[in-house]
Structure formats: C-alpha cells, structure tokens
C-alpha cells in the first residue's frame with residue numbers, strides 16, 4: 001500500500017520529499033539555534049490553513065503565544081486572525097517564569113488530553129510541537145520523558161493528524177538531536193543546517209528519512225525571506241522545457257552572422273574574457289535589441305553601479321535611462337557580498353516573476369563566485385539557468401577570466417556545460433600592438449563561425465573585423481605569423497594524413 005503524503009506548502013520542500021510529508025505520521029525537524037525550526041513549523045501550519053483549508057494546532061514549550069504571533073507577523077502571517085476564525089489553536093505549554101516543582105511521577109497525560117481535545121474541537125489535520133528539547137530540559141528523567149513523548153506521538157497517530165516536532169541539536173554535523181532519543185520516537189527526520197562557509201552563512205535542509213516512502217537525498221540550500229522558507233530543490237528540476245528554433249539578435253549584426261543568424265530565443269549565452277575585453281558592451285547591445293523590439297529586459301549587475309552602467313551605455317550610444325522610463329528595462333545592482341548566493345537566487349527569481357522580461361543579463365558570474373564554495377556556485381548557476389529556461393527567457397551572462405592574456409579555463413566551475421552559447425573574448429598582441437579577439441567557441445544546435453576574428457570597440461559600439469590571417473595560436477598568448485608557403489604546406493600535410501587513414 002502506497003504511503004499517502006501531505007503537501008507542506010513550503011516552496012521546494014515538497015519536491016525534496018517527492019510530494020510532502022507522510023500523512024498521519026510524525027516528523028522531527030532538528031537543527032541548531034537559528035536554523036529556522038520554528039519558522040518551518042509555523043509555515044507548515046499557516047500554509048495548511050490558507051492553501052489547503054486544514055486547521056492546525058500549535059503547541060509551544062518555549063515561547064509565549066504572544067511572541068509566536070508577533071514573530072509570525074514579520075513573514076506576513078496573521079496568526080491572530082486565524083485564531084479568531086477558529087482555524088488555529090495555540091496551546092501554551094511554556095514553562096512558568098516563576099519556576100515549578102515536580103512532585104511524583106512525571107507524565108504528559110494532562111497535556112495529551114488537552115491536545116486531543118483541541119484537535120477534535122477545531123477538526124485539526126496538522127499539529128506542530130515546538131520544541132521537544134524544552135520538554136527534556138524541564139525534567140531530568142530522560143527515559144521517562146522519552147516514554148511520555150512516545151505516548152503523545154502514538155495518540156496523535158491514532159487520531160490521524162500529521163505532526164511536525166522541532167528539536168535542537170548542538171553541532172551542524174553531530175548527533176541528530178541533543179538527547180539522542182528524539183529521532184527514535186518519530187517516523188521521519190528532517191535536518192536544518194546553518195553552516196559558516198567562507199565567512200558567510202549558508203542554510204541547507206536534508207531529509208534524513210521518510211519511513212516507508214522515497215525522498216531526494218542530500219542537502220539542499222534554502223533561504224528565509226519575507227514570505228518564509230524557500231527551498232531550492234535543484235535535483236528536482238526536469239529537462240522538460242520546450243526548445244525554440246526562433247532566433248533573436250545579439251544587437252551586433254556581424255556577431256549574428258557568426259552565430260548562424262543570431263542566438264536561439266531560449267538560449268543561455270556566456271561571454272568570458274579578461275577585464276576590458278567588451279563583455280558588458282555585448283550585454284548592453286543585447287539589451288538594446290530587446291528595447292528595439294519593444295521587449296522587456298532586466299540586468300543584474302554585481303560589479304558596477306547603476307550610474308556607471310548608464311554612463312558606459314551612453315558612451316556607446318545606448319540610452320538605458322530612456323528604456324527604464326518606458327518601462328522596458330529594470331536594473332538591479334548589488335554587491336555580491338551583500339547576501340548569500342541562495343538569497344541572490346531568490347531575488348533574481350522574484351524580480352523576474354514580477355517584471356516578466358523576455359531577456360535577462362547577469363554581469364558578472366565571476367563576481368558572485370568570490371568567496372563561495374565551488375559546489376554552492378555551481379548550484380546557483382544551475383538554479384538561474386534552470387529558472388530562465390523554465391520561463392523561456394534568453395539569458396546573457398558574463399564571466400571575467402583571471403588571465404589577462406593567453407588561454408584560460410571555462411570549465412573549472414562547469415559553467416560551460418550548462419550554457420548554450422559561449423563567446424570567448426581575449427587580448428592578443430599583434431606586431432607589437434594590443435588587439436581584441438572574439439570567437440564563438442560553442443553554439444549548441446547550430447552552425448557557427450569557427451574563426452578567431454578581430455573585435456574593435458568604437459564610440460558607436462562593437463565592430464567585428466576579418467580573422468587574423470597568417471597568424472596561428474592566437475589564443476595561446478604567443479601568436480606567431482606563418483608565411484603563405486607554410487600555410488599551403490600545412491594544408492597538404494593535413495590532406496596527406498587523411499589519405500593515409
């Protein structure tokens with residue numbers, strides 16, 4: 001018999017659980033202080049009431065009901081209104097501030113009856129208990145408390161409600177719960193973490209077990225924003241989006257020719273090169289073409305301020321300010337270090353949802369990669385590209401190469417495998433002078449020009465000239481000239497090798 005699941009309503013978490021939490025069973029949500037355990041349990045109840053019309057009971061062993069209601073308000077959840085509508089009941093089991101003496105044998109019979117009565121009275125389908133740790137802290141006999149909690153869970157299962165219990169742990173990767181017994185009395189275990197990585201906090205959620213059913217394995221990043229918890233279940237993303245044959249212009253006619261007629265409408269383009277090679281200018285031309293077609297576009301800038309972007313675009317004859325005034329362009333500027341990658345991803349998704357652009361640009365990915373782990377950065381890129389493709393948006397990303405000249409790697413963070421089109425921009429030294437070169441390194445699903453061509457930046461924007469004839473190893477950082485005889489000799493040698501094969 002298949003286990004029925006109850007959607008929590010927490011964005012992304014139900015994807016990790018592959019449908020939600022098992023119905024009529026208990027789930028332990030464990031984490032260190034500040035990981036979001038109480039927020040998780042409140043969001044579970046609030047979404048159940050508001051989205052699934054399932055009344056709930058919240059049992060608090062730590063904070064007072066007044067504090068619970070006040071804190072929930074910061075996420076836009078009006079618990080008092082739900083209480084007034086008899087859709088939510090908050091049972092206060094918090095300790096007496098004046099202290100209390102325990103006489104005789106400890107049991108939770110009275111509390112169990114109060115919870116049972118509230119469930120029946122309000123016809124509750126969901127219960128949240130915050131937290132089990134507080135119960136253990138109030139009483140010394142751990143084995144007795146474990147027995148009583150087991151009784152409580154058994155009663156809740158008998159009634160048929162789906163329960164979420166929180167518990168505190170000491171270390172992010174230590175024992176599941178502080179007293180080492182909480183996980184054994186629950187059917188399911190969810191772990192919330194708030195790990196310090198490169199001087200930044202990164203929140204993750206892991207479903208350790210869902211008894212009798214399947215779930216996704218591993219840790220998944222999440223954020224706590226204005227509307228509560230959002231989980232980024234990247235592993236749940238499916239490659240089911242449609243693929244368009246419609247072409248869009250890059251804003252540079254010669255580059256369109258190099259790409260076989262322009263970019264595909266739903267493609268992700270990456271321009272990579274050293275600083276000053278013209279990446280931001282290509283972004284500006286890409287955005288200008290959207291405006292020319294009366295399409296909306298959005299820019300996420302992590303290296304330059306809005307004023308700098310406007311000034312630079314103006315120098316190329318592009319009026320970003322007018323585009324903004326016409327409601328066809330939105331510019332979001334932020335320091336990469338202002339928040340974590342997951343929060344940046346959530347901001348990008350929110351802005352795209354609200355503005356509904358047909359094109360987006362991120363300048364640059366390398367700025368966001370500073371001071372974060374390779375895995376976290378890769379997850380961010382997958383999240384952005386996946387969402388852009390889901391919304392059928394053309395995306396243009398830039399990446400600043402560390403090497404000023406010579407070859408550089410674009411595969412270290414696996415960005416190259418995620419993007420559809422890659423433009424290589426590079427400085428080259430020819431006859432004692434510095435020049436720029438451009439090459440369409442990759443274009444998925446289309447013919448493209450393989451030549452390395454000269455790339456010139458003028459007051460009117462970019463110009464793409466002919467290829468560097470009679471030169472080879474342009475991108476190696478040490479180009480050298482070949483004579484006409486050498487070139488012809490090379491052709492015959494190549495033909496000779498083919499004949500021998």
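Cβ atoms are placed via backbone N, Cα and C, with glycine included.
Now, the feature entries from Swiss-Prot:
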BINDING   34, 35, 36, 37, 38, 74, 209, 210, 211, 213, 215  ATP 1 binding site
BINDING   275, 276, 277, 278, 279, 280, 316, 436, 442, 443, 444, 446, 448, 450  ATP 2 binding site
BINDING   280, 303  Mg(2+) 2 binding site
DOMAIN    1-232  domain 'KaiC 1'
MOD_RES   416  phosphoserine
MOD_RES   417  phosphothreonine
Least buried of the recorded positions 275, 277, 280, 417, going by other Cβ atoms within 10 Å?
417
Largest tally of Cβ atoms lying within 10 Å of a Cβ, found at which of the recorded positions 38, 416
38
Translate the DSSP assignment of residue 316 (ATP 2 binding site) into the three-state scheme.
coil
What is the separation, in Å, between the Cα atoms of residue 416 (phosphoserine) and residue 34 (ATP 1 binding site)?
37
Between residue 279 (ATP 2 binding site) and residue 303 (Mg(2+) 2 binding site), find the distance joining the two CA atoms and give it rounded to the nearest Å.
12
Work out how many Å separate residue 211 (ATP 1 binding site) and residue 417 (phosphothreonine) at their Cα atoms, rounded off.
36
Integer Å distance between the CA atoms belonging to residue 38 (ATP 1 binding site) and residue 303 (Mg(2+) 2 binding site)
37
Using the residues the record lists for ATP 2 (275, 276, 277, 278, 279, 280, 316, 436, 442, 443, 444, 446, 448, 450), what whole-number Å value is the largest Cα to Cα distance?
30
Cα distance, residue 442 (ATP 2 binding site) to residue 34 (ATP 1 binding site), nearest Å?
45
Sorted by position, what residues of the same chain at least six away from residue 316 (ATP 2 binding site) have a C-beta under 8 A from it?
281, 284, 285, 459, 460, 461
